[in-house]
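Please read the structure below before turning to the comments.
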Amino acid sequence: MPSPPYLGRFAPSPTGPLHFGSLLAAFGSWLLARHAGGQWCVRIEDIDPPRAEPGACERQLRTLAAFGLHSDLPVIRQSERDAAYTAAITRLLQTGQAFECSCSRADLAGMGGIHHACVAPLGERRAVRLRVPPQPPVGFDDALQGPVLQDVYAEVGDVVLRRADGYWAYQLAVVVDDAAQGITDVVRGADLLDSTPRQMVLQRALGLPQPRYLHLPLMLDRDGRKLSKSHDAPALDDADPLPALHAAWAALGQESDALPRHAAVETVLQHAVQHFSPRLLPRQRELDLDERASGLQRD
């Protein structure tokens, strides 16, 4: 049976403007999709309203457009996918693969942070967890980082699918949506590398296909922290995308002189597709941000 055509994705959360770390993931996933002759889509992971910033979704989409990164398919918003997540959880509950849980954070701390059995009686606030029984370690071969092996039972325990506050958990939503959209290749930051084995356990429980995975290096700021909105990472400049595009190209390990310095964004992206080489991608989990080289200096 032939493999389905390549479909990659970029899935930001609307917690603020896109920054250089976001661009690295978006540009990297877009380039890999184009290199494979496939498609690339955008999904907005807006399932955590308390963390969402008003207007961030629209701003993120405008930024992607300014950088020439247009979704080949209609943009999906997870906040509109309640029915799909409910169906998945209902199925798991009915088959005994998931259960309701009222254990508090204090209860979980008493278990060493790993849930294997409920210690609290069911109350009004109930999370839903995937039952993770003892099993052999889960492994996969990341296309960039190499072999990954994790004992999900011992290191993670029962995985939260719906939080006690009623919001959907990331692990459930991402697994359901990757399958529903037919995503064949997940390209994202290495901070999510350790989440992949638990997602694979959930994929198996739901009988869903497993995409291929490639985890790009995580961009660190000058203090050695993940470049993120919570750490005040500077927003990308929609009015002047070329410096950040060139910096992202270099951070992805590509030949710096392959892209024209002064050209339209579309022309730069055409050259990027022509000269992109996956074998040059840096095979490490973290990269230090060179603010001077990236053109992202603060005023």
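Using N, Cα and C of the backbone, Cβ positions are placed for all residues, glycine too.
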Among R34, R62, R162, R188, indicate the single residue that Swiss-Prot lists for the L-glutamate site containing R9, F10, A11, P12, S13, E45, Y170.
R188
Can you check which of 1-5, 76-80, 226-230, 281-285 Swiss-Prot lists as motif ''KMSKS' region'?
226-230
Taking the centroid of the Cβ atoms of C101, C103, C118 (Zn(2+) site), which other same-chain residues have Cβ within 8 Å of it?
F99, E100, S102, D107, H115, A117, V119, A120, A127, R129
Measuring Cα to Cα, how many angstrom lie between C103 (Zn(2+) binding site) and R188 (L-glutamate binding site)?
31
What residues, ordered by sequence, lie under 8 A Cβ-to-Cβ from E45 (L-glutamate binding site) and sit at least six positions away in the same chain?
A11, P12, S13, Q78, Y170, A173, V174
Compile a sequence-ordered list of residues in the same chain as K229 (ATP binding site), six or more apart from it, whose Cβ lies below 8 A from its Cβ; state 'none' when nothing qualifies.
T15, G16, P17, H19
Those residues of the chain, 6+ apart, with a Cβ under 8 Å from that of C118 (Zn(2+) binding site)
F99, C101, S102, C103
Using other CB atoms within 10 angstroms as the count, which residue among the binding-site residues F10, Y170 scores least?
Y170
